[in-house]
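According to TrEMBL, the protein has these features:
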type: TRANSMEM; residues: 20-53; note: transmembrane segment
type: TRANSMEM; residues: 65-84; note: transmembrane segment
type: TRANSMEM; residues: 96-119; note: transmembrane segment
type: TRANSMEM; residues: 131-151; note: transmembrane segment
type: TRANSMEM; residues: 171-195; note: transmembrane segment
type: DOMAIN; residues: 239-477; note: domain 'CN hydrolase'
Amino acid sequence: MPRDHAVSMTPPRLPRGMPSLLALLAGGTTVFTFAPFLVGWLAPLPLFVLFGLWLHHAPSPRRAAWLGFLFGLGSFLGGVHWVYVSMSVYGGMPPALAALSTFLFCVYLAVYPALAGWLQARAAQSAPLGWRCLLLMPLAWTLCEALRGVLLTGFPWLSLGFSQTDTLLAGWASVLGVHGVSLLLALVAGGLLWMGSCRRGPVWRRGGLLIALIYGSGWGWQHIAWTTPVGAPLSVSLLQGNIPQDLKWNPDNTRLSLEVYQSQIHAARGRLLILPETAFPLLMEQLPQGYLQDLQRTAQQKGAALLLGLPERGPSGDYYNSMLLLAADERPQWYRKVHLVPFGEYLPLQPFSSWVLRILHIPLADMSPGQPAQPPITLGGLRIAGNICYEDLFGHELRNGARDAHLLVNGSNLAWFGNSVALPQHLQIARFRSLETGRPMLRATNTGMTAAIEFDGRVVAQAAPFRAAVVEATVQPRSGMTPYLRWGDHWLWLALLLFLTAGRWRRTV
């Protein structure tokens, strides 16, 4: 590591309060790096600002934590404000309480960048500039982002690596996963800060070489096919019913869902017809007599199979958010959602949280999770890994099923979030999962964004949001192991060990 112990260039003096404002604004700009804006090349710049504030305007760990908190608050208020829609517009929560709940949720998420600031400052006592910029800050940022994805059930939405689906760093997705790409972005930001803080030529050459290697290697990884085609291309029909959320669960309007999807199944041409999450807002035994058999008969006449979403009541009386495969030569097969949405699909901390049900009008809000290690759904020789709603957010969980599958299928109902950036953000996450696993991802959603994604993250067919549509596409099933599928996020333990060792070593020398 370079041994430059002092900052060579005098940092700019800022008026009182300006560092806090810059941290908040820099965090807010991160939303533009994600879909629908897709300015992914911008992603290192907000981190460059944050790292610069930590370096030059945070004389204590407490101050660094405050600046990290403001950065996170700006990022999450800008990027996940749409949770307000689900609580107020469709959940029945009073607007003021929904706004407060949304703000507090963003406050909680901002704790993780705050923790990163505190940790890097604690570890950076008397550390050389290069040490801080290229080791401590990037590692602290990445480790805390990864922690956000697992602690208290996890919420890795807006992990910075997701923003890179359309940049050279997308090639790294199959190697290191989303947190690895976040680390590389932090290294680029740290490298820029290191270069900008020194006048010496060697620093500029080393920093420039590091950044060139990161992006150049990403370009190279993009040209390696880690997985190979299996069997013939598969024609699929992805059904988007566009059932308004305020009508979907109304018992007086149940027939609307049944009629819309019946009509779309008649019109579909694919070999596999995929319906969204809870396409039928009824248990199987509550469907009109003969309805499901009629749908299956229609599909079989086309030589097709049905993969549909509906709630399921298990033998013990537990309720599940499930997918059901109906095919002529296969027994009925279920996939049960494993990673449930807290306060949306189950209530943590019961009985203390039971009051939530009295405020939110969310149907089937007390479901049970499926078994973590469910076998793939099989269709002939094809193996399908199902995931429902935001389960594709958790790469460390999705990879377990993806390794034995030839393609991924996601059923979602994002009508809860209205016409917000949640829809394109979720599509971008699905694209990243295809990059990580080297497999196609098929997304059937109620209101959007329904899409067929190839193994390299390309969207090959897509429906316009908030329109009833049947997306016809052909994808190529694949097998094989990307480095990420093989090793997952285990490298994070090495990163943690490196951070702890670096911090301890600096305090002893």
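Note that Cβ sites are derived from N, Cα and C of the backbone, with glycine treated the same way.
Owing to the predicted nature of the structure, the values given are computational and were not obtained by experimental measurement.
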Where does the mean pLDDT land for the domain 'CN hydrolase' (239-477)? 90
Please work out which recorded stretch in 20-53, 65-84, 131-151, 171-195 has the most C-beta pairs separated by under 8 angstroms from the transmembrane segment (96-119)? 65-84
What parts of the chain pack near the transmembrane segment (171-195), using Cβ distances under 8 Å and only residues at least 6 beyond its ends? 2, 43-45, 47-48, 50-52, 55, 129-130, 132-134, 137-139, 141-142, 145-146, 149, 156, 159-162, 164-165, 203-204, 207-208, 210-211, 214-215, 217-224, 226, 395-396, 432, 435-438, 457, 482-484, 488-489, 491-492, 495
Grab the same-chain neighbours of the transmembrane segment (65-84) for me: Cβ-Cβ under 8 Å, and only residues 6 or more beyond its ends, written as numbers and ranges. 19-20, 23-31, 34, 46, 50, 53-54, 57-58, 98-99, 101-103, 105-107, 109-118, 121, 157-158, 417-418, 420-422, 425
